[in-house]
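*Asks:* Let me give you the structure first, and then I'll get to my questions.
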Amino acid sequence: MALRLVFRQDSFLCPFPPRGGSMRNCGARSQRVSMAYAVGTSSRIEIPKTPFGPPREAHEQVTHSMAPQKIEIFKSLEDWAKDNILIHLKPVEKCWQPQDFLPDPSSENFHDEVKELRKRSQGIPDDYFVVLVGDMVTEEALPTYQTMLNTLDGVRDETGASLTSWAIWTRAWTAEENRHGDLLNKYLYLSGRVDMKQIEKTIQYLIGSGMDPRTENNPYLGFIYTSFQERATFISHGNTARLAKEHGDSKLAQVCGIIASDEKRHETAYTKIVEKLFEVDPDGTILAFADMMRKKISMPAHLMFDGRDDNLFEHFSAVAQRLGVYTAKDYANILEFLVGRWKVEELTGLSSEGRKAQEYVCTLVPRIRKIEERAQGRHRNMSALWCQEFAR
């Protein structure tokens with residue numbers, strides 16, 4: 001596991017101060033420290049910069065790693081998914097919509113409501129908006145995530161309108177998630193606190209770059225990834241809700257909170273799928289779990305780029321870490337939660353390789369925590385140096 005320290009320049013914040021505000025915390029003077037962790041090694045290839053994305057390292061691509069006969073497992077679970085997974089979707093008519101939380105453009109009070117929204121946003125620090133923008137950009141790359149789910153053998157939507165339970169879930173999940181980016185995008189636009197064109201470029205770059213979760217067309221790996229990731233987004237949006245409330249914007253807190261509640265519901269569905277896989281194929285599932293944790297769960301927006309900063313995601317992550325929105329501690333907590341949720345320590349009847357994978361997964365949390373504690377000490381020291389060097 002390696003620790004990397006890098007500095008950033010804010011990309012998203014409005015180049016002009018808020019009305020009546022100061023330039024002290026805006027724009028190019030704000031610098032951050034990023035900590036990124038990497039577990040293990042793998043083959044990598046260098047991808048040069050293109051008009052569509054930054055230069056980056058990419059892992060060697062592995063495809064269709066699931067044994068073909070295991071596709072039958074997912075076919076056999078069709079009825080189970082209908083009864084146990086689709087119940088975690090809400091009927092459209094009972095879903096909240098972004099307009100429920102935004103000023104009504106058809107109302108005579110629209111301009112006053114926008115002024116009130118902007119007034120509330122003035123009390124929120126710039127760092128918070130960096131994180132909120134990063135969260136919104138992540139949500140707006142939804143086409144990539146639907147594409148990723150439709151790479152998975154045995155569960156993909158083969159026609160674009162397939163009536164299998166797996167395909168129905170993917171489309172309806174995507175439709176529910178689509179509201180998240182819409183709501184955050186409109187809120188940020190109305191706030192006047194951010195550079196919307198720069199954000200829009202970042203979204204286009206991210207969708208064009210895709211993502212590399214290393215799930216290998218394998219639904220075992222894919223559903224373990226989504227179980228972890230939905231819990232991570234639930235935590236992140238929950239913490240932005242908490243911070244918004246602390247900064248006096250209860251409406252923004254409500255926005256972030258309602259998104260977090262969706263993520264929690266989706267987490268429940270994905271973790272149930274993996275729980276079922278542990279029931280029907282414990283050996284294959286524990287091997288997949290260990291494989292994903294050895295490769296490390298990458299965040300969906302890890303290829304984030306704004307046209308200028310080749311390490312933008314690391315810099316966004318550093319601010320999220322420092323504000324306590326999503327941290328290395330959260331990563332360890334999620335793994336600990338999933339190990340308990342899936343009763344990994346209680347698995348029996350495993351093969352020799354399965355037992356090794358079980359031991360690896362069950363002993364990984366303490367190791368991550370030890371490294372995180374050492375990294376936190378370095379982070380605090382670096383933050384102090386940063387304050388002395390740049391806060392002038």
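Backbone N, Cα and C define each Cβ position, glycine as well.
So TrEMBL lists these for the protein:
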type: BINDING; residues: Glu139, Glu177, His180, Glu263; note: Fe cation 1 binding site
type: BINDING; residues: Glu177, Glu230, Glu263, His266; note: Fe cation 2 binding site
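I would like each feature placed in context: is it buried or exposed, what are its neighbours, and how far apart are things?
*Replies:* Reduced to three states, the DSSP call for Glu263 (Fe cation 1 binding site) is helix. Close to Glu263 (Fe cation 1 binding site) in the fold, though at least 6 residues off in sequence, lie Glu230, Arg231, Thr233, Phe234, His237, each with a CB less than 8 Å from its CB.
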*Asks:* Give the sequence-ordered set of same-chain residues, not counting Glu177, Glu230, Glu263, His266, with Cβ within 8 Å of the centre of the Cβ atoms defining the Fe cation 2 site.
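*Replies:* Result: Trp173, Glu176, Thr233, Phe234, Asp262, Lys264, Arg265, Glu267.
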*Asks:* Just the number: how many Å between the Cα atoms of His180 (Fe cation 1 binding site) and His266 (Fe cation 2 binding site)?
*Replies:* 13
*Asks:* Can you see whether DSSP assigns Glu139 (Fe cation 1 binding site) to helix, strand or coil?
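*Replies:* DSSP assigns Glu139 (Fe cation 1 binding site) to helix.
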*Asks:* Rounded to the nearest angstrom, how far is the Cα of Glu177 (Fe cation 1 binding site) from the Cα of His266 (Fe cation 2 binding site)?
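*Replies:* Checking the Cα atoms of His266 (Fe cation 2 binding site) and Glu177 (Fe cation 1 binding site) gives a distance of 9 Å.
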